[in-house]
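The (2E,6E)-farnesyl diphosphate binding site feature in Swiss-Prot is assigned to R268, D305, D309, R446, D449. Summarising the annotation, Swiss-Prot assigns Mg(2+) 2 binding site to D305, D309. According to Swiss-Prot, the feature Mg(2+) 1 binding site maps to D305, D309, an assignment based on similarity to another entry. Among the features that Swiss-Prot reports, motif 'DDXXD motif' is placed at 305-309, with the record citing similarity to another entry. Look at Swiss-Prot and you will find D449, E457 tagged as Mg(2+) 3 binding site.
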Amino acid sequence: MAAPISTNNVCSDDARPVTYHPNVWSDYFLRYTSELTEISVAKKEEHERQKEAIRNLLLQTRDDSTLKLELVDAIQRLGIGYHFEEEIHNSLRNIYDTNPIYNAEDDNLRVAALRFRLIRQQGFPAPCDVFRKFVDEEGEFKSWVSNDVEGLLNLYEASNFAVHGEEILEKALEFCSLRLEFLTQGMTNSLSMRVKEALKIPISKTLTRLGARKFMSMYQEDESHNETLLNFAKLDFNLVQKIHQKELNQITRWWKELDFGKNLPFARDRPVECYFWIVGVYFEPRYGIARTLLTKIIYLASVLDDIYDVYGTLAELTIFTQIIRRWDSDAMDQLPPYMRIYCKALFDVYVEMEEEMGKIRKSYAVEYAKKEMKRLAEMYFQEAQWAFSKYKPTMKEYLKVALISSGYMMMTINSLTTIEDLITEEEFNWILSEPRILRASLTITRLMDDLAGYGTEGKMSAVHYYMAENGVSEGEAFKEVSGIIKSAWKDVNAECVEPRAASTTILRCVVDFTRVIVLLYSDEDAYGNSQTKTKDLIKSVLVDPLII
């Protein structure tokens, strides 16, 4: 995807001056041996017992109660919703279809906004008219709403699921953002922590695993928290973390055998960061094969970008691109040693993919994955040609290439290839047709990357092209690009609401990959520089267990 893979250096001069910091983690995860990551029978039995207790609690709590809404919200935010997907879906479907208090006059803002958000988040077309009762005749929010912190927080979260044309939610987002910032100044309690976290990244843009890790620390400070839920969430987090550590041990061994640090020292060496990225999308235990393959693919795509972007000569890149286009391992002798080493690693991973997908009768999908990797290389080559010739493309030319060189399409197709879920050929072709949700996500990932990278020496972006073509200031260009991103998010939201054009599996993949970019590029390039923010995030999810 945009951030981890593509640096997108359409250079403004002859220089290709990029120096990346060394691998932060090196062989750290080799310490997680099979003995350390083994899960005891007693732990598995305790996990199962607690899970069934929560399932019973879900089934026994009435759908038409506020308690059910709060229970579902807590389960999802604690990162354990994947155990109860059917129960949660059925409850929210029932609430959407039959709940008699949905439009009750005595509904308070906290409950109304929570109900709306849970239903909309589940994909049901909840009407935003439910919030009109909180607005006066002039269209302004009533005065008593202004000081209801919990109500405002829930309304803020709900308004982030807005689609085009929902003016009341657009107004709510602006209103709630300002009021919440003002009301929580100087506050240090659990609620204020939740507000500050939400204002940084709302639920609609939060990755499940990382969001759960952060939410647990706030949830346990809440006096009304459910101890059963919290204990199970912590146990589940720790057990799944052991699975991730075991996989990282294997990936680290693969990385050491490649020895890219020696053979391709110019490239970003980020295998653990790539794994962290994939955990953001597919953290559940059943996706182990996909996580391993996708980590290798992202890592190789990142190195591929650096070969084109900062090291290869135009003559080398021309032959290199032809060999990848033909997927011709017999022609690798034409390449310099570092490119031969790279090509062998790339071709080997796709052989591994073919073997693994053959076991689950999904071999047909591998060709789609290869084609997107080839297309990614073609776009990198186009950008390299622009850089060598000092050509400055138009905004239209730039986006035609940059939306693909972001790597987002390649990663979407490769991920849907490697997961166990069945994805039909018709569904692959639908994705490749670039439907609205794909186009919107491509736009978000590319432009988020461009905003984060703006000002980097030698790097051109959508901001530069917009300024040049429209004769506007830097501030105006930033505002316009930010507006395009906001509009694209509404497209994403709309496509996730019934009637939907694709399965939940596909939509989740598309949305979660987009969320990864929001995380990594919300205020800096946290992949290119992974020594601070990203390192801390990785520690919280993949290294440090929770204390139970």
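Every residue, even glycine, has its Cβ placed from backbone N, Cα and C.
Recorded features from Swiss-Prot, shown on the structure.
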residue	record	Cβ neighbours (10 Å)
R268	(2E,6E)-farnesyl diphosphate binding site	25
D305	(2E,6E)-farnesyl diphosphate binding site	25
D309	(2E,6E)-farnesyl diphosphate binding site	24
R446	(2E,6E)-farnesyl diphosphate binding site	29
D449	(2E,6E)-farnesyl diphosphate binding site	29
For R268 ((2E,6E)-farnesyl diphosphate binding site): DSSP state (helix, strand, coil): coil
Mean of the pLDDT scores, which run from 0 to 100, over the motif 'DDXXD motif' (305-309): 96
Among R268, D305, D309, R446, D449, the record's (2E,6E)-farnesyl diphosphate binders - longest CA distance, Å: 19
Within the motif 'DDXXD motif' (305-309), residues counted as helix, strand or coil by DSSP: 5 helix, 0 strand, 0 coil
